[in-house]
Amino acid sequence: MAPFRASLMMFFLSSLTLPSSLFLFSSSTSILLSWHMLSISSSHISFSMILDPQGLLFMSVIMFISGNVLMFSKSYMKEDNNITRFTHLTLLFVLSMNMLVLFPHLMILLLGWDGLGITSFLLIIYYQNPKSLAAGMFTALTNRIGDVLILISIAWLLQNGNWIIINVWMNEMSLLIIVFLTIAGMTKSAQIPFSSWLPAAMEAPTPVSALVHSSTLVTGGIFLLIRFFPFLNQLQFFNLFLLIMASLTMLMAGLSAMNEMDMKKVIALSTLSQLGLMMMSLALGMPTLTLFHLLTHALFKALLFMAAGSIILYASHNQDLRLMGLSAPSIPMTSTSMLIANMALFGAPFLAGFYSKDLILEEILFNQSNSLVYLIAFFATGLTAGYSLRMMMLILWSPKHSIPCSNLTDKDYPIVIPMLLMTLAAIIGGSALNWMLISPSQPLIIPFPQKILTPMIILLGMSTAWFFTNPNLTPMFIKAPMTLNASSSMWFLTNLSTQNMISVPLMTSHVLSSTGENGWMELSSGQGTKSALSSISSKIQSSQSKTMNKLLLMSIFSIIPMMILF
(Lines of atoms letter the chains of each structure in order from A and count residues from 1; the text may use other names and numbers.)
(Lines give C-alpha, C1' and ligand atoms only; values in the text may rest on other atoms or scores of the structure.)
Protein backbone atom coordinates (compact mmCIF):
# COMPACT_ATOMS: atom_id res chain seq x y z
CA MET A 1 0.00 0.00 0.00
CA ALA A 2 1.30 3.46 -0.92
CA PRO A 3 1.97 5.86 1.97
CA PHE A 4 -0.58 8.38 0.68
CA ARG A 5 -3.42 5.84 0.59
CA ALA A 6 -2.46 4.56 4.03
CA SER A 7 -2.44 8.15 5.29
CA LEU A 8 -5.97 8.79 3.97
CA MET A 9 -7.15 5.57 5.63
CA MET A 10 -5.72 6.71 8.98
CA PHE A 11 -7.40 10.12 8.66
CA PHE A 12 -10.73 8.43 7.88
CA LEU A 13 -10.48 6.15 10.92
CA SER A 14 -9.52 9.10 13.10
CA SER A 15 -12.59 11.00 11.88
CA LEU A 16 -14.74 8.03 12.97
CA THR A 17 -13.27 7.50 16.43
CA LEU A 18 -13.23 11.18 17.46
CA PRO A 19 -17.04 11.71 17.19
CA SER A 20 -17.58 8.33 18.89
CA SER A 21 -15.38 9.47 21.77
CA LEU A 22 -17.24 12.79 22.05
CA PHE A 23 -20.58 10.95 22.11
CA LEU A 24 -19.41 8.65 24.91
CA PHE A 25 -18.00 11.64 26.83
CA SER A 26 -21.31 13.48 26.57
CA SER A 27 -23.30 10.46 27.75
CA SER A 28 -20.69 9.37 30.37
CA THR A 29 -20.86 5.85 28.95
CA SER A 30 -18.42 3.01 28.36
CA ILE A 31 -19.29 -0.08 26.31
CA LEU A 32 -17.83 -3.52 27.10
CA LEU A 33 -18.31 -6.11 24.35
CA SER A 34 -17.59 -9.68 25.44
CA TRP A 35 -17.83 -12.92 23.48
CA HIS A 36 -17.75 -15.98 25.73
CA MET A 37 -15.58 -18.65 24.10
CA LEU A 38 -15.22 -21.48 26.64
CA SER A 39 -15.02 -22.28 30.35
CA ILE A 40 -12.35 -24.39 32.04
CA SER A 41 -13.42 -25.20 35.61
CA SER A 42 -14.21 -21.77 37.06
CA SER A 43 -12.10 -19.81 34.54
CA HIS A 44 -14.02 -18.13 31.72
CA ILE A 45 -12.14 -17.47 28.49
CA SER A 46 -13.76 -14.63 26.54
CA PHE A 47 -12.92 -12.21 23.75
CA SER A 48 -13.52 -8.73 25.14
CA MET A 49 -13.38 -5.23 23.69
CA ILE A 50 -13.90 -1.99 25.57
CA LEU A 51 -15.16 1.21 23.95
CA ASP A 52 -14.60 3.94 26.50
CA PRO A 53 -14.28 7.68 25.80
CA GLN A 54 -10.63 7.90 26.93
CA GLY A 55 -9.55 4.90 24.85
CA LEU A 56 -11.36 6.08 21.70
CA LEU A 57 -9.90 9.57 22.12
CA PHE A 58 -6.42 8.07 22.40
CA MET A 59 -7.07 5.95 19.28
CA SER A 60 -8.20 9.06 17.42
CA VAL A 61 -4.96 10.85 18.33
CA ILE A 62 -2.90 7.78 17.36
CA MET A 63 -4.46 7.55 13.91
CA PHE A 64 -4.36 11.31 13.31
CA ILE A 65 -0.63 11.33 14.05
CA SER A 66 -0.11 8.15 11.99
CA GLY A 67 -1.86 9.72 9.00
CA ASN A 68 0.40 12.77 9.16
CA VAL A 69 3.53 10.65 9.64
CA LEU A 70 2.69 8.42 6.66
CA MET A 71 2.09 11.46 4.47
CA PHE A 72 5.36 12.93 5.72
CA SER A 73 7.20 9.68 4.90
CA LYS A 74 5.93 9.85 1.29
CA SER A 75 8.41 12.66 0.67
CA TYR A 76 10.98 11.89 3.36
CA MET A 77 11.55 8.34 2.06
CA LYS A 78 10.76 8.87 -1.62
CA GLU A 79 14.17 7.52 -2.67
CA ASP A 80 13.73 4.31 -0.67
CA ASN A 81 13.09 1.24 -2.82
CA ASN A 82 11.24 -0.55 0.01
CA ILE A 83 8.73 2.19 0.85
CA THR A 84 5.81 -0.27 0.53
CA ARG A 85 7.36 -2.58 3.12
CA PHE A 86 7.93 0.40 5.40
CA THR A 87 4.27 1.43 5.05
CA HIS A 88 3.02 -2.06 5.90
CA LEU A 89 5.29 -2.28 8.95
CA THR A 90 4.07 1.13 10.13
CA LEU A 91 0.43 0.04 9.75
CA LEU A 92 1.16 -3.12 11.76
CA PHE A 93 2.79 -0.95 14.40
CA VAL A 94 -0.30 1.26 14.65
CA LEU A 95 -2.59 -1.80 14.67
CA SER A 96 -0.65 -3.28 17.61
CA MET A 97 -1.04 -0.05 19.57
CA ASN A 98 -4.77 0.07 18.87
CA MET A 99 -5.08 -3.53 20.09
CA LEU A 100 -3.38 -2.48 23.32
CA VAL A 101 -5.96 0.28 23.74
CA LEU A 102 -9.08 -1.65 22.68
CA PHE A 103 -8.72 -5.00 24.45
CA PRO A 104 -9.08 -5.11 28.25
CA HIS A 105 -8.44 -8.87 28.35
CA LEU A 106 -4.83 -9.34 29.44
CA MET A 107 -4.25 -12.36 27.16
CA ILE A 108 -5.45 -10.52 24.03
CA LEU A 109 -3.77 -7.31 25.18
CA LEU A 110 -0.50 -9.27 25.14
CA LEU A 111 -0.89 -9.67 21.36
CA GLY A 112 -0.76 -5.90 20.94
CA TRP A 113 2.02 -5.62 23.52
CA ASP A 114 4.16 -8.22 21.73
CA GLY A 115 3.18 -6.80 18.36
CA LEU A 116 4.63 -3.44 19.40
CA GLY A 117 7.90 -5.12 20.38
CA ILE A 118 8.25 -7.15 17.18
CA THR A 119 7.29 -4.38 14.74
CA SER A 120 9.46 -1.84 16.57
CA PHE A 121 12.41 -4.22 16.18
CA LEU A 122 11.72 -4.57 12.45
CA LEU A 123 11.42 -0.80 12.03
CA ILE A 124 14.59 -0.02 14.01
CA ILE A 125 16.63 -2.43 11.84
CA TYR A 126 14.97 -1.05 8.68
CA TYR A 127 18.29 0.47 7.61
CA GLN A 128 20.37 -2.67 7.40
CA ASN A 129 23.69 -2.04 9.11
CA PRO A 130 25.40 -3.43 12.24
CA LYS A 131 24.59 -0.35 14.35
CA SER A 132 20.86 -0.57 13.59
CA LEU A 133 20.87 -4.31 14.31
CA ALA A 134 22.56 -3.76 17.68
CA ALA A 135 20.05 -1.04 18.60
CA GLY A 136 17.13 -3.20 17.48
CA MET A 137 18.29 -6.22 19.48
CA PHE A 138 18.92 -4.05 22.54
CA THR A 139 15.41 -2.57 22.29
CA ALA A 140 13.74 -5.92 21.70
CA LEU A 141 15.55 -7.73 24.52
CA THR A 142 14.86 -4.93 27.02
CA ASN A 143 11.17 -5.00 26.14
CA ARG A 144 11.12 -8.79 26.47
CA ILE A 145 11.54 -8.31 30.22
CA GLY A 146 8.12 -6.69 30.32
CA ASP A 147 6.65 -9.40 28.08
CA VAL A 148 7.82 -12.14 30.44
CA LEU A 149 6.44 -10.32 33.48
CA ILE A 150 3.03 -9.93 31.84
CA LEU A 151 3.03 -13.65 30.99
CA ILE A 152 3.74 -14.49 34.63
CA SER A 153 0.97 -12.10 35.71
CA ILE A 154 -1.45 -13.87 33.35
CA ALA A 155 -0.56 -17.19 34.98
CA TRP A 156 -1.07 -15.82 38.51
CA LEU A 157 -4.36 -14.14 37.59
CA LEU A 158 -5.75 -17.60 36.88
CA GLN A 159 -6.93 -17.81 40.48
CA ASN A 160 -9.15 -14.77 39.87
CA GLY A 161 -10.99 -16.74 37.19
CA ASN A 162 -10.70 -13.97 34.57
CA TRP A 163 -8.13 -11.71 32.98
CA ILE A 164 -10.21 -8.60 32.25
CA ILE A 165 -8.45 -5.54 33.64
CA ILE A 166 -11.53 -3.91 35.16
CA ASN A 167 -12.42 -7.08 37.12
CA VAL A 168 -9.12 -7.64 38.93
CA TRP A 169 -9.31 -7.70 42.74
CA MET A 170 -6.87 -8.09 45.60
CA ASN A 171 -5.79 -11.53 46.83
CA GLU A 172 -2.72 -13.19 48.33
CA MET A 173 -0.80 -12.96 45.03
CA SER A 174 -1.68 -9.32 44.35
CA LEU A 175 1.62 -7.92 45.65
CA LEU A 176 3.70 -9.82 43.08
CA ILE A 177 1.21 -9.10 40.28
CA ILE A 178 1.32 -5.36 41.05
CA VAL A 179 5.14 -5.38 41.12
CA PHE A 180 5.37 -7.29 37.84
CA LEU A 181 2.82 -5.11 36.02
CA THR A 182 4.55 -1.96 37.28
CA ILE A 183 7.97 -3.14 36.08
CA ALA A 184 6.43 -4.22 32.74
CA GLY A 185 5.07 -0.70 32.26
CA MET A 186 8.44 0.77 33.23
CA THR A 187 10.30 -1.31 30.63
CA LYS A 188 7.99 -0.22 27.81
CA SER A 189 8.07 3.43 28.92
CA ALA A 190 11.86 3.41 29.46
CA GLN A 191 11.97 4.39 33.13
CA ILE A 192 15.17 3.94 35.15
CA PRO A 193 16.90 1.42 35.02
CA PHE A 194 15.52 0.53 31.55
CA SER A 195 16.07 3.97 29.99
CA SER A 196 19.04 3.46 27.70
CA TRP A 197 17.12 1.68 24.92
CA LEU A 198 15.13 4.83 24.08
CA PRO A 199 17.98 6.89 22.51
CA ALA A 200 19.26 3.69 20.85
CA ALA A 201 15.90 3.36 19.06
CA MET A 202 16.79 6.54 17.14
CA GLU A 203 18.43 4.28 14.55
CA ALA A 204 14.97 3.88 13.03
CA PRO A 205 13.85 6.24 10.22
CA THR A 206 12.67 9.62 11.49
CA PRO A 207 8.96 8.99 10.66
CA VAL A 208 9.14 5.92 12.92
CA SER A 209 10.70 8.03 15.68
CA ALA A 210 7.80 10.47 15.33
CA LEU A 211 5.39 7.59 15.99
CA VAL A 212 7.42 5.78 18.66
CA HIS A 213 7.99 8.89 20.78
CA SER A 214 4.55 10.42 20.46
CA SER A 215 1.63 8.00 20.54
CA THR A 216 2.97 4.45 20.27
CA LEU A 217 5.40 2.06 22.01
CA VAL A 218 6.70 4.28 24.83
CA THR A 219 3.17 5.38 25.70
CA GLY A 220 2.06 1.73 25.85
CA GLY A 221 3.51 1.24 29.32
CA ILE A 222 1.89 4.45 30.61
CA PHE A 223 -1.49 3.48 29.16
CA LEU A 224 -1.27 -0.02 30.67
CA LEU A 225 -0.67 1.47 34.12
CA ILE A 226 -3.56 3.92 33.61
CA ARG A 227 -5.84 0.98 32.77
CA PHE A 228 -4.68 -0.97 35.83
CA PHE A 229 -4.53 2.09 38.12
CA PRO A 230 -7.57 1.25 40.34
CA PHE A 231 -6.00 -2.16 41.05
CA LEU A 232 -2.39 -0.95 41.37
CA ASN A 233 -3.30 2.00 43.59
CA GLN A 234 -4.52 -0.33 46.34
CA LEU A 235 -0.89 -0.97 47.29
CA GLN A 236 0.99 1.96 48.82
CA PHE A 237 4.31 0.52 47.65
CA PHE A 238 3.25 1.10 44.02
CA ASN A 239 2.96 4.87 44.48
CA LEU A 240 6.22 5.30 46.38
CA PHE A 241 8.30 3.09 44.08
CA LEU A 242 6.92 4.68 40.90
CA LEU A 243 7.42 8.17 42.30
CA ILE A 244 11.12 7.54 43.04
CA MET A 245 11.82 5.97 39.64
CA ALA A 246 9.91 8.67 37.75
CA SER A 247 11.71 11.49 39.59
CA LEU A 248 15.12 10.00 38.85
CA THR A 249 14.17 9.46 35.19
CA MET A 250 13.12 13.09 34.78
CA LEU A 251 16.32 14.36 36.36
CA MET A 252 18.61 12.03 34.41
CA ALA A 253 16.94 12.79 31.05
CA GLY A 254 17.11 16.55 31.58
CA LEU A 255 20.78 16.56 32.58
CA SER A 256 21.72 14.25 29.69
CA ALA A 257 19.86 16.37 27.11
CA MET A 258 21.76 19.51 28.14
CA ASN A 259 25.05 17.99 26.90
CA GLU A 260 23.77 15.96 23.91
CA MET A 261 24.74 17.11 20.40
CA ASP A 262 22.68 14.66 18.33
CA MET A 263 19.40 16.41 17.48
CA LYS A 264 17.26 13.26 17.44
CA LYS A 265 18.73 12.06 20.73
CA VAL A 266 17.97 15.41 22.38
CA ILE A 267 14.33 14.99 21.35
CA ALA A 268 14.40 11.36 22.55
CA LEU A 269 15.68 12.47 25.95
CA SER A 270 12.96 15.11 26.09
CA THR A 271 10.45 12.29 25.56
CA LEU A 272 12.06 10.41 28.44
CA SER A 273 11.71 13.46 30.67
CA GLN A 274 8.01 13.84 29.80
CA LEU A 275 7.42 10.13 30.40
CA GLY A 276 8.92 10.63 33.84
CA LEU A 277 6.49 13.50 34.45
CA MET A 278 3.57 11.28 33.40
CA MET A 279 4.73 8.51 35.73
CA MET A 280 5.13 11.02 38.54
CA SER A 281 1.56 12.30 38.10
CA LEU A 282 0.32 8.70 38.04
CA ALA A 283 2.24 7.91 41.23
CA LEU A 284 0.62 10.91 42.91
CA GLY A 285 -2.84 9.55 42.08
CA MET A 286 -3.73 11.63 39.00
CA PRO A 287 -4.52 9.17 36.15
CA THR A 288 -6.76 11.64 34.27
CA LEU A 289 -4.01 14.28 34.20
CA THR A 290 -1.56 11.58 33.13
CA LEU A 291 -3.75 10.73 30.14
CA PHE A 292 -4.21 14.45 29.43
CA HIS A 293 -0.46 15.04 29.28
CA LEU A 294 -0.01 11.81 27.30
CA LEU A 295 -2.31 13.14 24.56
CA THR A 296 -0.95 16.69 24.45
CA HIS A 297 2.62 15.38 24.48
CA ALA A 298 1.80 13.10 21.54
CA LEU A 299 0.65 16.09 19.46
CA PHE A 300 3.63 18.39 19.94
CA LYS A 301 6.25 15.62 20.05
CA ALA A 302 5.14 14.24 16.65
CA LEU A 303 5.40 17.79 15.28
CA LEU A 304 8.86 18.20 16.80
CA PHE A 305 10.12 15.01 15.15
CA MET A 306 8.61 16.01 11.79
CA ALA A 307 10.34 19.38 11.96
CA ALA A 308 13.61 17.69 12.97
CA GLY A 309 13.25 15.17 10.12
CA SER A 310 12.62 17.99 7.68
CA ILE A 311 15.76 19.81 8.86
CA ILE A 312 17.78 16.57 8.63
CA LEU A 313 16.49 16.03 5.08
CA TYR A 314 17.34 19.58 3.99
CA ALA A 315 20.75 19.43 5.72
CA SER A 316 21.91 16.40 3.68
CA HIS A 317 21.01 13.93 6.47
CA ASN A 318 23.14 15.67 9.06
CA GLN A 319 21.79 15.65 12.62
CA ASP A 320 24.76 17.05 14.53
CA LEU A 321 23.74 20.32 16.20
CA ARG A 322 27.29 21.66 15.90
CA LEU A 323 27.07 21.56 12.10
CA MET A 324 23.80 23.49 11.84
CA GLY A 325 22.84 27.11 12.20
CA LEU A 326 20.86 30.02 10.74
CA SER A 327 18.14 27.79 9.32
CA ALA A 328 15.23 30.14 10.09
CA PRO A 329 15.54 32.42 7.01
CA SER A 330 15.90 29.46 4.62
CA ILE A 331 13.14 27.19 5.95
CA PRO A 332 10.62 29.47 7.70
CA MET A 333 7.76 26.93 7.79
CA THR A 334 9.89 24.22 9.37
CA SER A 335 11.51 26.69 11.76
CA THR A 336 8.12 27.99 12.90
CA SER A 337 6.87 24.44 13.48
CA MET A 338 9.95 23.56 15.52
CA LEU A 339 9.62 26.76 17.54
CA ILE A 340 5.95 26.06 18.38
CA ALA A 341 6.69 22.41 19.23
CA ASN A 342 9.56 23.34 21.55
CA MET A 343 7.51 26.04 23.24
CA ALA A 344 4.70 23.53 23.79
CA LEU A 345 7.28 21.11 25.18
CA PHE A 346 8.46 23.40 27.97
CA GLY A 347 4.93 24.67 28.70
CA ALA A 348 4.72 28.10 27.07
CA PRO A 349 1.32 29.65 27.87
CA PHE A 350 -1.71 28.57 25.86
CA LEU A 351 0.04 25.95 23.73
CA ALA A 352 -0.78 22.24 24.05
CA GLY A 353 1.80 21.40 26.70
CA PHE A 354 0.84 24.33 28.94
CA TYR A 355 -2.61 23.04 29.88
CA SER A 356 -1.46 19.60 31.01
CA LYS A 357 2.03 20.30 32.33
CA ASP A 358 1.12 23.40 34.30
CA LEU A 359 -1.89 21.61 35.78
CA ILE A 360 0.25 18.65 36.91
CA LEU A 361 2.81 20.95 38.55
CA GLU A 362 0.08 22.92 40.31
CA GLU A 363 -1.48 19.67 41.53
CA ILE A 364 1.91 18.67 42.95
CA LEU A 365 2.04 21.98 44.84
CA PHE A 366 -1.61 21.71 45.90
CA ASN A 367 -1.23 18.16 47.25
CA GLN A 368 1.77 19.19 49.37
CA SER A 369 3.86 16.20 48.37
CA ASN A 370 7.40 15.43 49.45
CA SER A 371 9.78 18.41 49.23
CA LEU A 372 12.20 16.31 47.18
CA VAL A 373 9.43 15.73 44.63
CA TYR A 374 8.94 19.52 44.41
CA LEU A 375 12.63 20.06 43.84
CA ILE A 376 13.11 17.39 41.17
CA ALA A 377 9.89 18.19 39.28
CA PHE A 378 10.62 21.91 39.00
CA PHE A 379 14.34 21.44 38.37
CA ALA A 380 13.50 19.05 35.51
CA THR A 381 10.98 21.61 34.19
CA GLY A 382 13.72 24.22 34.11
CA LEU A 383 16.05 21.79 32.33
CA THR A 384 13.32 21.14 29.73
CA ALA A 385 13.16 24.84 28.93
CA GLY A 386 16.97 24.98 28.88
CA TYR A 387 17.66 22.18 26.41
CA SER A 388 14.68 23.15 24.21
CA LEU A 389 15.93 26.72 23.80
CA ARG A 390 19.52 25.49 23.43
CA MET A 391 18.48 23.26 20.52
CA MET A 392 16.56 26.09 18.86
CA MET A 393 19.49 28.49 19.25
CA LEU A 394 21.93 26.02 17.69
CA ILE A 395 19.62 25.16 14.77
CA LEU A 396 17.79 28.38 13.97
CA TRP A 397 19.78 31.40 15.14
CA SER A 398 23.44 30.47 15.67
CA PRO A 399 26.04 31.26 12.97
CA LYS A 400 25.80 29.02 9.93
CA HIS A 401 28.05 25.94 10.01
CA SER A 402 26.50 23.86 7.22
CA ILE A 403 27.77 23.45 3.65
CA PRO A 404 28.09 26.95 2.09
CA CYS A 405 26.47 25.92 -1.19
CA SER A 406 23.49 24.12 0.40
CA ASN A 407 20.13 25.30 -0.93
CA LEU A 408 17.59 24.91 1.87
CA THR A 409 13.89 25.32 1.14
CA ASP A 410 10.68 23.87 2.55
CA LYS A 411 8.16 23.85 -0.28
CA ASP A 412 7.58 20.10 -0.49
CA TYR A 413 3.83 19.71 0.09
CA PRO A 414 3.87 16.14 1.54
CA ILE A 415 6.12 17.61 4.26
CA VAL A 416 4.49 21.03 4.67
CA ILE A 417 0.84 19.84 4.91
CA PRO A 418 1.41 17.34 7.78
CA MET A 419 3.47 19.93 9.65
CA LEU A 420 0.68 22.50 9.23
CA LEU A 421 -1.91 20.05 10.58
CA MET A 422 0.29 19.05 13.52
CA THR A 423 1.14 22.71 14.24
CA LEU A 424 -2.58 23.48 14.42
CA ALA A 425 -3.04 20.52 16.78
CA ALA A 426 -0.12 21.68 18.96
CA ILE A 427 -1.72 25.12 19.26
CA ILE A 428 -5.38 24.27 19.92
CA GLY A 429 -5.11 20.62 21.01
CA GLY A 430 -4.40 21.45 24.64
CA SER A 431 -7.46 23.64 25.13
CA ALA A 432 -9.69 21.17 23.24
CA LEU A 433 -8.50 18.21 25.32
CA ASN A 434 -8.82 20.29 28.48
CA TRP A 435 -12.47 20.84 27.62
CA MET A 436 -13.05 17.12 27.01
CA LEU A 437 -11.00 15.44 29.74
CA ILE A 438 -11.01 17.86 32.67
CA SER A 439 -14.55 18.22 33.95
CA PRO A 440 -15.58 21.54 35.56
CA SER A 441 -14.55 21.39 39.18
CA GLN A 442 -13.37 23.60 41.97
CA PRO A 443 -10.32 25.56 40.76
CA LEU A 444 -6.98 24.96 42.40
CA ILE A 445 -6.39 27.58 45.07
CA ILE A 446 -2.70 28.00 45.80
CA PRO A 447 -0.73 31.04 47.03
CA PHE A 448 0.42 33.57 44.44
CA PRO A 449 4.17 32.78 44.86
CA GLN A 450 3.45 29.14 44.05
CA LYS A 451 1.22 30.18 41.15
CA ILE A 452 4.01 32.07 39.42
CA LEU A 453 6.66 29.50 40.35
CA THR A 454 6.23 27.48 37.14
CA PRO A 455 6.66 30.40 34.67
CA MET A 456 9.59 31.72 36.71
CA ILE A 457 11.29 28.32 36.61
CA ILE A 458 10.73 28.17 32.84
CA LEU A 459 12.29 31.62 32.37
CA LEU A 460 15.22 30.65 34.58
CA GLY A 461 15.70 27.44 32.60
CA MET A 462 15.65 29.36 29.32
CA SER A 463 18.39 31.64 30.62
CA THR A 464 20.66 28.64 31.25
CA ALA A 465 20.58 27.84 27.52
CA TRP A 466 22.89 30.83 26.96
CA PHE A 467 25.57 29.32 29.20
CA PHE A 468 25.38 25.94 27.49
CA THR A 469 25.63 27.40 23.97
CA ASN A 470 28.60 29.62 24.85
CA PRO A 471 31.73 27.48 25.53
CA ASN A 472 33.40 30.34 27.41
CA LEU A 473 30.55 30.59 29.92
CA THR A 474 29.84 26.91 30.50
CA PRO A 475 30.25 26.14 34.23
CA MET A 476 33.41 24.25 35.11
CA PHE A 477 31.54 21.46 36.90
CA ILE A 478 29.77 20.66 33.61
CA LYS A 479 33.14 20.32 31.86
CA ALA A 480 34.51 18.00 34.56
CA PRO A 481 35.18 14.51 33.10
CA MET A 482 33.04 12.70 35.68
CA THR A 483 30.04 15.01 35.15
CA LEU A 484 30.45 15.00 31.38
CA ASN A 485 30.77 11.22 31.17
CA ALA A 486 27.80 10.68 33.48
CA SER A 487 25.50 13.00 31.53
CA SER A 488 26.58 11.74 28.11
CA SER A 489 26.01 8.10 29.09
CA MET A 490 22.69 8.60 30.95
CA TRP A 491 24.27 8.17 34.38
CA PHE A 492 26.31 5.23 32.99
CA LEU A 493 23.13 3.28 32.20
CA THR A 494 24.29 2.90 28.59
CA ASN A 495 27.50 1.24 29.78
CA LEU A 496 25.65 -0.94 32.28
CA SER A 497 23.09 -2.09 29.71
CA THR A 498 25.27 -2.93 26.70
CA GLN A 499 28.56 -4.62 25.82
CA ASN A 500 30.55 -2.90 28.57
CA MET A 501 28.47 -4.70 31.16
CA ILE A 502 29.42 -8.14 29.85
CA SER A 503 33.12 -7.49 29.17
CA VAL A 504 34.24 -8.75 32.62
CA PRO A 505 32.14 -11.97 32.47
CA LEU A 506 33.35 -12.58 28.92
CA MET A 507 37.02 -12.16 29.90
CA THR A 508 36.51 -14.37 32.96
CA SER A 509 34.86 -17.07 30.87
CA HIS A 510 37.69 -16.82 28.32
CA VAL A 511 40.33 -17.35 31.03
CA LEU A 512 38.38 -20.24 32.57
CA SER A 513 37.91 -21.79 29.15
CA SER A 514 41.61 -21.46 28.30
CA THR A 515 42.87 -22.86 31.60
CA GLY A 516 40.07 -25.29 32.29
CA GLU A 517 38.19 -26.74 29.34
CA ASN A 518 41.01 -26.15 26.87
CA GLY A 519 43.73 -26.71 29.50
CA TRP A 520 44.16 -29.38 32.17
CA MET A 521 40.64 -30.79 31.69
CA GLU A 522 41.36 -31.48 28.05
CA LEU A 523 44.74 -33.01 28.86
CA SER A 524 43.29 -35.30 31.53
CA SER A 525 40.26 -36.39 29.50
CA GLY A 526 39.82 -38.31 26.27
CA GLN A 527 41.56 -35.76 24.10
CA GLY A 528 44.64 -35.79 26.33
CA THR A 529 44.65 -39.62 26.47
CA LYS A 530 44.40 -39.74 22.72
CA SER A 531 47.31 -37.32 22.34
CA ALA A 532 49.44 -39.27 24.84
CA LEU A 533 48.72 -42.65 23.19
CA SER A 534 49.34 -41.17 19.76
CA SER A 535 52.67 -39.79 20.93
CA ILE A 536 53.69 -43.10 22.53
CA SER A 537 52.64 -45.14 19.51
CA SER A 538 54.45 -42.80 17.15
CA LYS A 539 57.62 -43.13 19.24
CA ILE A 540 57.29 -46.92 19.36
CA GLN A 541 56.66 -46.99 15.65
CA SER A 542 59.64 -44.79 14.94
CA SER A 543 61.88 -46.90 17.19
CA GLN A 544 60.62 -50.07 15.53
CA SER A 545 61.24 -48.65 12.12
CA LYS A 546 64.79 -47.69 13.15
CA THR A 547 65.43 -51.23 14.51
CA MET A 548 64.18 -52.80 11.29
CA ASN A 549 66.36 -50.48 9.26
CA LYS A 550 69.40 -51.49 11.33
CA LEU A 551 68.62 -55.20 10.97
CA LEU A 552 68.12 -54.78 7.25
CA LEU A 553 71.42 -52.96 6.87
CA MET A 554 73.20 -55.60 8.96
CA SER A 555 71.75 -58.38 6.88
CA ILE A 556 72.76 -56.63 3.68
CA PHE A 557 76.31 -56.03 4.89
CA SER A 558 76.59 -59.64 6.08
CA ILE A 559 75.29 -61.08 2.82
CA ILE A 560 77.61 -59.02 0.60
CA PRO A 561 80.90 -60.52 2.03
CA MET A 562 79.47 -64.03 1.81
CA MET A 563 78.61 -63.46 -1.84
CA ILE A 564 82.12 -62.23 -2.50
CA LEU A 565 83.68 -65.27 -0.79
CA PHE A 566 81.52 -67.88 -2.43
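Backbone N, Cα and C atoms are what each Cβ position is placed from, and that goes for glycine too.
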Checklist outcome for this item: Here TrEMBL annotates transmembrane segment, and of 89-110, 375-396 the range meant is 375-396
Checklist entry - By a Cβ-Cβ criterion of under 8 Å, what residues six or more beyond either terminus of the transmembrane segment (54-71) are in contact with it? => result 3-4, 6-11, 13-14, 17-18, 20-21, 24-25, 87, 90, 94, 97-98, 101-102, 207, 210-211, 214-216, 223, 291, 294-295, 298-299, 302, 306, 414, 417-418, 421-422, 425, 433, 436-437
Checklist entry - Under a criterion of three or more Cβ pairs within a distance under 8 Å and sequence separation of at least 6, are the transmembrane segment (208-229) and the transmembrane segment (375-396) in contact? => result no
Item to check | Listed stretch, out of 134-158, 164-187, 291-315, 336-355, 416-437, that has the most CB pairs under 8 angstroms to the transmembrane segment (235-254) | outcome: 164-187
Checklist entry - Would the transmembrane segment (266-285) count as touching the transmembrane segment (375-396), if touching means at least three Cβ pairs under 8 Å and pairs must be 6 or more apart in sequence? => result yes
Next on the checklist: For the transmembrane segment (336-355), give me same-chain residues lying six or more residues beyond its boundaries with a C-beta closer than 8 angstroms to one of its C-beta atoms, as numbers and ranges.
Outcome noted: 270, 274, 292-293, 296-297, 299-301, 303-304, 306-308, 310-311, 381, 384-385, 388-389, 391-392, 395-396, 419, 422-423, 425-431, 433-434, 454-455, 458, 461-462
